[in-house]
Amino acid sequence: MDSNHQSNYKLSKTEKKFLRKQIKAKHTLLRHEGIETVSYATQSLVVANGGLGNGVSRNQLLPVLEKCGLVDALLMPPNKPYSFARYRTTEESKRAYVTLNGKEVVDDLGQKITLYLNFVEKVQWKELRPQALPPGLMVVEEIISSEEEKMLLESVDWTEDTDNQNSQKSLKHRRVKHFGYEFHYENNNVDKDKPLSGGLPDICESFLEKWLRKGYIKHKPDQMTINQYEPGQGIPAHIDTHSAFEDEIVSLSLGSEIVMDFKHPDGIAVPVMLPRRSLLVMTGESRYLWTHGITCRKFDTVQASESLKSGIITSDVGDLTLSKRGLRTSFTFRKVRQTPCNCSYPLVCDSQRKETPPSFPESDKEASRLEQEYVHQVYEEIAGHFSSTRHTPWPHIVEFLKALPSGSIVADIGCGNGKYLGINKELYMIGCDRSQNLVDICRERQFQAFVCDALAVPVRSGSCDACISIAVIHHFATAERRVAALQEIVRLLRPGGKALIYVWAMEQEYNKQKSKYLRGNRNSQGKKEEMNSDTSVQRSLVEQMRDMGSRDSASSVPRINDSQEGGCNSRQVSNSKLPVHVNRTSFYSQDVLVPWHLKGNPDKGKPVEPFGPIGSQDPSPVFHRYYHVFREGELEGACRTVSDVRILQSYYDQGNWCVILQKA
């Protein structure tokens, strides 16, 4: 049904429903992806719902499209719910438009998906992936035979251990067995004084000797971890602890191929295919500097070519499809290090870092000290760069401000660079922030702002018609201080006054939708305004620290190695060190330190410079901000402890929990 001719005759109920969905698909593509459709016929079509991102493979879609004519090209961008088809002639594309619009196909999971087609004038897709493996990374194909693979898999006994010769655990996203030494996930290390009895299995001996002879490895391993992954399981991005193991990390893939994601601090991501029966060897930069992990999913985006070759996945969107994962078992071999690590990457090396991470605060005094060092001081340092990334107002906040009556007095508590102070010219808005440098930026923009603590705002009680607090309360380090911040906001409101509050959510994936924080494009150097409290950070490696002494006291904190159990369960951090979060990944603790990679000169008036090249030994300064990320219902629960207030609305907005309060 062509929407341009809908006025020529009366549409049926079914046709109207289809037309609404087709128009919605057009608007969604334009709004979220910038893809503009045209009203006239062309050779090219965009196929909404027909993409790798929603489980439709090239092998499924191409035969459907070819029923309408010769397809010159089928472009399927990775992780996108649409594809582009270019036919040989316009007549063939018109036939596909009429025939396939509204057609149901079954994806690889057996679910029905309806296709919506629209014409496009130009098909362009910017390739961003590099075409080289991380330095020091090697993949050796067919390292063992299929018979040897079967023998190794059959040697693994997943029944509970009774002889304590190896340690077995069932983690949320995989099963593991340790040999030689047990890997302790609570501290991401091994106890070098307590080797497991039995050593490595005898069956591995001949393989290790062969790899040594052929020069694939230089050290004979004395520790092995067997991981078993069901389809849909994975392991978070991490770096194996420097001080725990020698340079080589060696992994043998059995049972099924897999795509492993490698990420450099500069934000470059390299997906690497590990074929069945292949050997992955990580040394040097790839072992010490790049994170590696396996995304939890049931299908991998791979090359459509017949042979699944090892190495980087092609960036050619005309040669991508989906590969269904099978049961994969990996044998990972390491050599336990007996001396401190002296690698060439001291900024990310736990042996060469000098300071220890802060502990979780156990008193109000400790919480105040933590906030001073890991919130207030950090924002003073990063104010210029932070402001350069905070320019696009969030739609729901704009909606709240524009709905207020003309002449309302509004306070923005924690106003940052003041991006909301000028949204509605009919309001009288004042802002306050703990950072002098951010307040100075507000004043440069001719906004009314002053420096103060959000727990003690020097404004008369009951004098505000409304307040907003955006991405502020999650910086307070105890529940009592977070409630006190809410009470201070309510104190400012007149009876009937409203407050809008945003905090960062622990649930960065909600209702089966990932937040923009998780989906963010690490490689794009253009527009980057995200909708959460740390979205300007593009670099996934979080353990980089500055060796610059007291000037960056917030940056000398080691990270938690995310090779521990997956999932989003909050860890008990009382009486323990605060973990450092991996940027653009799910949260594993509610109380975390989040890295900020300072780009260019931190001075406000100077331009921001790009990151240095891969392998640079002078990475950008890294600061760490304290956050308490809120679980679902936690913000509402805190609000209910405040007297004389009721919750008008609560909602989730792109990785944030939000409430609108009204003072009684």
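Backbone N, Cα and C define each Cβ position, glycine as well.
Together with HIS238, ASP240, the Fe cation site in Swiss-Prot holds one more listed residue from HIS178, HIS184, HIS292, which is HIS292. The Zn(2+) site recorded in Swiss-Prot includes CYS341, CYS343, CYS349, and the single candidate from HIS242, HIS264, HIS396 that the record places there is HIS242. Over the domain 'Fe2OG dioxygenase' (220-337), the average per-residue pLDDT in this prediction is 85. Cβ atoms within 8 Å of the centroid of the Cβ atoms of HIS242, CYS341, CYS343, CYS349 (the Zn(2+) site) belong to the same-chain residues SER243, TYR288, PRO340, ASN342, TYR345, PRO346, VAL348, ASP350, SER351, GLN352, site residues excluded. For ARG334 (2-oxoglutarate binding site), the spatially nearest entry among the binding-site residues HIS238, ASP240, HIS292, CYS341, CYS349 is ASP240, judged by CA separation. Closest to ASP240 (Fe cation binding site) by Cα-Cα distance, out of the binding-site residues ASN227, GLN228, TYR229, CYS341, is CYS341.
Look at the Cβ of each of the binding-site residues CYS341, CYS343, CYS349 and count the other Cβ atoms within 10 Å; the largest number goes with CYS349.
Note: the domain 'Fe2OG dioxygenase' (220-337) comprises 8 helix, 62 strand, 48 coil (DSSP; helix = H, G, I, strand = E, B). Nearest neighbour of HIS242 (Zn(2+) binding site) by Cα distance, taken over the binding-site residues GLN228, TYR229, HIS292, ARG328: HIS292.
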